[in-house]
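**Student:** For reference, the structure I am asking about is given below.
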Amino acid sequence: MADSKVSPTPLLKDELDIVIPTIRNLDFLEMWRPFFQPYHLIIVQDGDPSKTIKVPEGFDYELYNRNDINRILGPKASCISFKDSACRCFGYMVSKKKYIYTIDDDCFVAKDPSGKEINALEQHIKNVLSPSTPFFFNTLYDPYREGADFVRGYPFSLREGVPTAVSHGLWLNIPDYDAPTQLVKPLERNSRYVDAVLTIPKGTLFPMCGMNLAFNRELIGPAMYFGLMGDGQPIGRYDDMWAGWCIKVICDHLGWGVKTGLPYIWHSKASNPFVNLKKEYKGIYWQEELIPFFQAVSLPKECTTVQKCYIELSKQVKAKLGKVDEYFIKLSDAMVTWIEAWDELNPVAGSTAAELTNGPKK
C-alpha cells in the first residue's frame with residue numbers, strides 16, 4: 001500500500017550533481033539560486049574553449065571545455081559530440097554522484113496554476129526516490145503520491161513497484177516540437193499544466209527530452225549516452241531521443257521504471273526552425289526505421305548489467321541499422337568507446353572494464 005504519511009523530500013545535496021551544457025554566460029542560474037545553490041554543478045562548455053563562461057557568484061561548480069574533454073578522455077574523446085548540447089553526457093561520466101539532474105540554460109523557473117514557483121529539482125527527487133509501476137497501469141497515475149493509491153483491481157503482487165531509473169519533466173511556454181511542427185505552428189505555446197506523473201509502461205517507447213531530466217546515475221548512467229551529433233555528423237537534435245530509446249529498452253529488460261510528467265520548467269525561447277530542420281531532416285525519415293528497430297530489440301538474459309546491455313545494443317545497431325546508413329556503424333563504435341571511457345573513469349571494485357563489457361577472462 002502507498003504510505004499515507006508524507007515525509008519531507010530529502011535534498012540529496014551530497015548525492016546529486018546538476019549538469020548544464022552551455023555556450024554562454026550562465027545568468028539564468030540567478031533565478032534558480034534558491035533551488036540550485038546547495039548542489040554541485042557540472043558545466044560542460046560547448047564550442048570555442050578559449051571563450052570564458054561567467055558563472056554567478058556563490059555556486060559550487062566545475063567547468064569542462066573541449067580541451068578538458070580531450071585531456072581527460074584522450075583518443076576516446078571522439079565519442080563526445082562537439083557543437084551540440086549532446087556534449088552534456090560528458091558531465092554524467094565525470095560525476096561521482098548517485099543522481100543527475102540536467103537542464104538547459106534557456107529553462108527558467110515555472111509557476112504552478114496557483115502562482116507558486118515550482119521547485120523542479122525537488123519534484124524530480126520525489127520521482128526518482130519513489131517506485132515506478134511499468135508492468136500494470138494505475139488509472140490514478142502515481143499511486144505513491146499523497147492523496148492517491150492503487151485502484152481496485154490492481155494486483156497486490158505488483159504494488160511494491162520497481163526502482164525508478166529516469167524522471168522526465170515537461171515544459172511550459174515553448175513546447176519541444178520538431179522543425180516541421182514549429183514551422184506550421186510558430187505561435188503555439190504550452191499553457192496546459194497537467195498535475196500528474198505517469199510511469200511509461202513496459203514495451204512503450206517515448207521521445208525523451210534532455211532539457212529537464214533527472215536519473216539515477218548508479219542504475220542507468222552508462223546507457224545515458226547522447227550519441228554523435230553536431231559538428232562533423234549528419235544529424236542533430238536526436239541526442240536525447242537516441243538516449244531515451246536506449247535507456248527505455250534497457251530499463252524494460254532489467255525491470256526498472258521511467259516516469260514522465262511533473263515537474264514543469266518554463267522554456268523561454270524557441271530555436272530557429274530552419275536551422276532545426278537542417279539538423280533534423282535525416283532523423284525525421286531515419287526514425288521510421290529506428291523506432292521499429294527499438295520496438296523489436298531483444299536483449300539476451302546474459303545481459304545482466306547496463307554495460308553488457310549497451311554493448312549488445314551497439315552490436316544490434318551495427319548489424320541492423322548499419323544498412324540504413326553508414327552513420328550508424330560509426331555510432332555503434334562510439335557506443336562501445338563511450339562504455340570503455342565510462343568504465344575507465346568509473347571503475348567497479350574488483351572488475352576491469354574488459355570484464356564488464358566482455359565477461360570475465362576465461
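Note: Cβ is positioned from N, Cα and C throughout, glycine not excepted.
Where the annotation comes from TrEMBL, it is an automatic prediction and has not been curated.
As annotated in TrEMBL:
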type	residues	note
CARBOHYD	ARG152	N-linked glycosylation site
SITE	ARG152	site 'Required for activity'
SITE	ARG159	site 'Required for activity'
**Student:** Judged by the number of other CB atoms within 10 angstroms, which among ARG152, ARG159 is the least packed of the recorded positions?
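**Tutor:** Among the recorded positions ARG152, ARG159, the lowest count of other Cβ atoms within 10 Å belongs to ARG152.
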**Student:** Tell me the Cα distance separating ARG152 (N-linked glycosylation site) from ARG159 (site 'Required for activity'), rounded to the nearest angstrom.
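**Tutor:** ARG159 (site 'Required for activity') to ARG152 (N-linked glycosylation site), Cα-Cα distance: 12 Å.
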